[in-house]
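A.B. asks: If you scroll down you'll find the structure; I have some questions about it.
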């Protein structure tokens, strides 16, 4: 038999701390296991009256069915006086019957827990911590002892408790690390004091965790509001009349007209008995929720006139269909009454009589009571037991039973990995200020996975991997580079090939018209060499497309560096030729002989050789190599420069030659010549410098290569091709040497 014991008790005394759910599981028994670690009940050590009904799952309950009276001890050296349970509480008895009603209703319906019967074990805590502790231990130990006696192959091992309460507002239970969802009503009472502007109040507490804790919090909070606590007294658990009389006297002498009684119903009743006896009136009583709807207020008895106008907060009431009929159906002769140790005291207290048949082991004070026939009708008596117009705590008991049953149903239908605690792709996250069993299922962040149920933490993928959309597996990151099949790669390749083709077309045009003045006047050899270098510049941009490798990385950086130096060296040679040609026509200056074809080739060779040396050293010392950038979801392949210094020298050398060309072309821009290339070279160098300044810092070298190559091709050769093809009349020596034509051009 599987057993689950649920301790449900009034939270209005110290036994509140014992509220909870005790789980006893069946585990395979190990004969070598340390017997000291097993839960044991010593036979005969605890024998308390119990109302029980067998079932597949047992729900246990603790209810304060009696008040406790402790006879005062006359000696400090004597043993503690015995506790006596007296004054049967009809209200709490209704709570107990509501628990039984809910269990029988669930068993009768059979839908929540099919093929499972609920049973119960109910004890009387007698409003004392000691009695509640004994009852709780017997509630736990009874299951253990029954299993020890009946099981030979397995034994039950008691496990921890989960707090479940139907009526709990004790401040001691507000610690969510140990207890769940316990409501504190003190704040509402403080707000009530603030609302009416009361500044001189008194506080009286019951001598238990509920009363002391609540009263202390209330006193601290009202002081923060500027109110004064005129007195702060405690009702002893033995409810000695002398002590309570002293409390009443202090109330009278304090002058406080607003008194909060933060105590259980029994303690409050003892206080008001003494208040009535001493004739204390004119007090505005504030009631804690423990007695705000109790019999001393709802029943017109002796306390009624002194409690008129009392204020307090109550738990929300509700209607439970069928409960009143169930309560009135209770009878000593019914089959359910057999073995009920609480029914006879209840019956005799209701009808103020004694039954002829006493329950075994029960002793009752029957002096002065007429005998009971057993045929009495509960419907003929009006009391708080049968009054269902104010079902507050009873409804909480009803809901508590159903909450437990729904939890059991969820446990039975729970499938591993589906529903409760956490599926793959999530991890457990403990809620702050909650018990460790309370957690949220947090989805793993991007780049982390969880491929098992109830994972404590997510696992981060390796740098080359990334989490899939479900966060359950690490998959290789997508490798990204400028490929020939990508849109950008196809576009750049087309632009590069078109540029190379255009350069070849220009070279073909110049070759076909190499005897014309415009080609000869602009140094045809340098023009063809410049066109060749421009073709290489267009083609070297193709090395920046495709998957980076060691060879492609070395080729792309050195190729563009050398080809551009060759290109700019040709432009520099043309600029020097133009400048020196016109300077040599001045009287007394003959420097053209120093800048003939051989010297021009030497300049180009020397300038290019410097760049070749820089690139050679670069490749030997720290060559460019493939490199991986790893952002969140991809791996970007590119080429690192290897040596930043060498890369800077290559770019700086290209920039130096370009600036030198720009300066010389600027100086020769106004020289007389219809086909003066200085202006075109100056303009092309401006474009070149602007493009490289814009793109190189952003590491978009391929765009800089193509843009500057097109700039040189367009600025230097497009005007010549226009004259050669469309304006051949200007391609004559006469037009070339014409002064007026020079001005117009």
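Even glycines carry a Cβ here, placed using N, Cα and C.
Below are the features I grabbed from TrEMBL:
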DOMAIN    488-740  domain 'G-protein coupled receptors family 3 profile'
TRANSMEM  488-510  transmembrane segment
TRANSMEM  526-546  transmembrane segment
TRANSMEM  558-582  transmembrane segment
TRANSMEM  603-625  transmembrane segment
TRANSMEM  645-668  transmembrane segment
TRANSMEM  680-700  transmembrane segment
TRANSMEM  706-726  transmembrane segment
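Help me picture where these features are in the structure shown.
C.D. replies: Note on the domain 'G-protein coupled receptors family 3 profile' (488-740): its mean pLDDT in the predicted model is 81.
Within the same chain, residues 557, 561, 564-565, 568-569, 571-572, 575-576, 578-579, 582, 607, 610-611, 614-615, 617-618, 621-622, 624, 676, 678-679, 681-682, 685-686, 688-689, 692, 696 sit at least 6 positions outside the transmembrane segment (645-668) and bring their C-beta atoms closer than 8 Å to a C-beta of that stretch.
Sequence-distant contacts of the transmembrane segment (706-726), counting only residues of its own chain at least 6 positions beyond either end whose CB sits under 8 Å from a CB of the stretch, comprise 492, 495-496, 499, 502-503, 506, 509-510, 513, 516, 518-519, 522, 527, 530-531, 534, 537-538, 541, 564, 567, 571, 675, 677, 680-681, 683-684, 687-688, 691-692, 695.
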